[in-house]
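Below is one structure, written out as structure tokens; the observations come after it.
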């Protein structure tokens, strides 16, 4: 939907611009002269195309030429007609005018006619050029407006998503709070019910104790065990609210205590029994609470100890690793400084040698370039003289120039190949010595590393044994506590996950409903807007067609009259002398044909010989190079295999030993864990059996007690319970019926009703308890005294038990701390020894890595030097080809102009005759007297308009970075006609071009073909034979400049939209894009892995990796980037921590610089866009119209949006300057360190 809407919007704006252009020509009923067929082909509007199709031809000559000039016979026939018409015209002038000199009249008429035609052409050319610029700027502005619109919509969408997420999080938090409140209320009710039940159980036990005094103590113990079992079962529910329960119990206990003290002061005798009963109940609860708190405190202490020990161990390990890394970095920096001092002399020597070679090569190239330039200047001068002397030998001179230029380019290429071969031979002579030195150094380093590694493994085994012992001792104490805590946490998390899943489902359903409703509203509004816009566009098109039809009808009537007068005058001159001119032309054509065929055959034979020699020499050179590369690759592979085999054997032995040690440790750990689990299971079984027995006994006693109590209380309780059950059943039935109908929001009201019911039941229970209180008081008088004594003894025992446990805990903590200190001292000594060994091993390994990296850097610099030479040669070749093509284009333009002048002479013959006749009659009347009235002259035919267009200047303007580069300018039909004539007159050049386009191009490296990623619009390719390549950054810097790429057909760009409604262009001689032939030196591989990389490159241009533009801005070629490391094969010792850190840092710096460059380019493009929009507004305000107000308002809105975007980008650049400065300082520091 979005892509279709954008295409439709672009078409609408383009049609509005075309209406504006057409309204300037048809304003106020004044009809200007229509455009010719060549100018109308450039405008891609449906209205102008319909007008051009309906225009009649001016004369039979134009119609005849338009139908026959596409073939060779048609051109010959046209030439014959021109010659015959010219001869008849001269004879008729002599016969009619007599003593009047026609040369003077013709000279006067030609001057007037040329001045008039030039003024009209200048005016129309200026209008067309100005309107074309406005159209291109409008297209560019509209494209940037669409980009900005899409970005703003995306921004708003992201903000809306963020706001929705915030709302959802708030709703989830609110829902969680509400659920917690409801759960807490239900939990309070549950606690109240539980307390009442416990109170009833205590009363039953007291009654039983009074009846049977011997069983009283046993029953109390059973009840205590039952309470403990129930508390253990409900521990998971009470865990998260323990603190709140503690505070609540303490406050209740304090209030009750104050209340008892007050009652004592008032009535001592009446409150004594009640106070004893209150004390008994609260002391039981308090003792149980103290027991639970003591257990929790012990668990928390154990968990804190375990946490402290684990945190200490983790922080100590982290500190040790950081210290080791710091020591390794210090050693690495010292080694780097030493190696830099050692390699300074080598580097200076290599730089000096490389500089001398470059100077010699540059001097030789400059001399060759000067000689070639002199020869080319002399050749061009001679060619200009020959063109002035005679036009007959023009084609032969062009052929000779092309062949000589081809020979010079071939010699230049083979000279570059020979130089590269000599340089490679010199490098190969020095390679064996370097390889031998590197092998000796690697072997010595490997021996040292192996010795140190053996010592390190022995120490490491001893450390592992000690660590295994310490870990086993540590696990014996902490494993059971950790297991219990993990079990509780797991249960709690399961409940939490279930609640979260329900909440997420509810929020997801609500979100889907809201999004669907919003999307439906937006689609309906979008459809209505599109229908309204289509209706407006159709109405405007109908009005435009009506105006164009009226103007065309008037113009056609006038031209029809002019055509009839011209045909009557030209029919007499055409048919009389046709046979004579044809005979003369046939004799001259036969001689020209014979000369042309001889020249073509000689040129073809010479070119074939040159191609055979060049191909044979190039084949031999490639064969020699391939053999040398294969030998070097075999030697490198053999050396790499030997080194890998040795390293693999050492690594396998080390891994085997490590595996055996780890297996022994794992077996011991598993054995120890099994023993611990078995002991824990045994204890758990014993405890569970004891608890089950106690539960059975308590259940039997409680059952007997209930039977005795229920028999007494059941009569009164049945009536109250039956009434209560009846009310509850009614309320429950009403509640379940309402729950099916109402939503989740009705839960609160239901909860309030349920709370009222619970309050009523609690009030009834309190009434029952008051009735039983009198009976309890009498029972508690005798049991309370005995229970006090027993309670005091229990308190003393508990205090003694606490003191003993505290003393044991202190002794254990002291012993553990002493052992831990001893282990810590031993570990520190072992770590210091390992750090020293690792430091020495890292030092040797870094030396090895530095040597390999240095070799890699040297090889990379050599490759860069070779690529620079190939670039220079390629640039010279491109300049030569551009000069030759420019000359060919100038010659073709000259020939086309001559043909156009001849056509204009034939077409203006009748108008010239009328003018001369008028002058003669006026002169006769003045000399001889007025004999009669002069005949009215026929209307002068409108002169043909010719537009000239220089593609080279357009290409240069496109390369300079104008704002109009984004659109594809169509090629003028005049240029196509000139190129067609050139191809017809030069069959040899046409055959060479077809062979050049059909020939398969050799493989080229990816850095010469891939365009750089940038924010500027890409430049379209220029098609045709006579078009020169764009001069600009692509000639001087082909590595990093933007390569011209053809526009994708299915892309919704303005070029594709503008070419849709207009007529199709006439295809030129070369239909495909013109590929550049690169020299063979640019196809040399960059290293040993070049063939594999070249074969692995994708075939399509979309999947090719693009070179980042930040590489072009790097001032120092000695600083390597991470892409350079990844492009070549990695050595055996490049995987070190220092190099990885350096690569990561350089990648981050590169990303920051790329982001800064992209923002800067976006700011430039927005500024250009704003300037183009301001110019367009100024030009439109100079010539205002009624239809331009809407377009001007839209453009003003777009200009405001672009200015806001410019302000935002400027602020971003201002904020990014400080981090970019830090990145540049870091790069300079790295450069100094590497130097």
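Cβ atoms here come from the backbone N, Cα and C positions, even for glycine.
Here the structure is a predicted model, which means the values were calculated and not measured.
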Can you say which of 408-427, 428-447, 448-467, 468-487 is given as region 'Interaction with CETN2' in Swiss-Prot?
468-487
For the repeat 'HAT 6' (1141-1173), which stretch among 131-163, 263-295, 392-424 has the most Cβ pairs under 8 A?
131-163
Looking only at the region 'Interaction with CETN2' (104-123), report the model's average pLDDT.
77
Please list the DSSP helix, strand and coil residue counts for the repeat 'HAT 1' (131-163).
33 helix, 0 strand, 0 coil
Per-state residue totals over the repeat 'HAT 6' (1141-1173) - DSSP helix, strand, coil:
33 helix, 0 strand, 0 coil
Please list, for the repeat 'HAT 2' (165-194), how many residues fall into helix, strand and coil according to DSSP.
30 helix, 0 strand, 0 coil
Take the region 'Interaction with CETN2' (104-123) and count its residues per DSSP category (helix H/G/I, strand E/B, coil), listing them in that order.
20 helix, 0 strand, 0 coil
Counting each residue once, how many in the region 'Interaction with CETN2' (634-653) are helix, strand and coil under DSSP?
20 helix, 0 strand, 0 coil
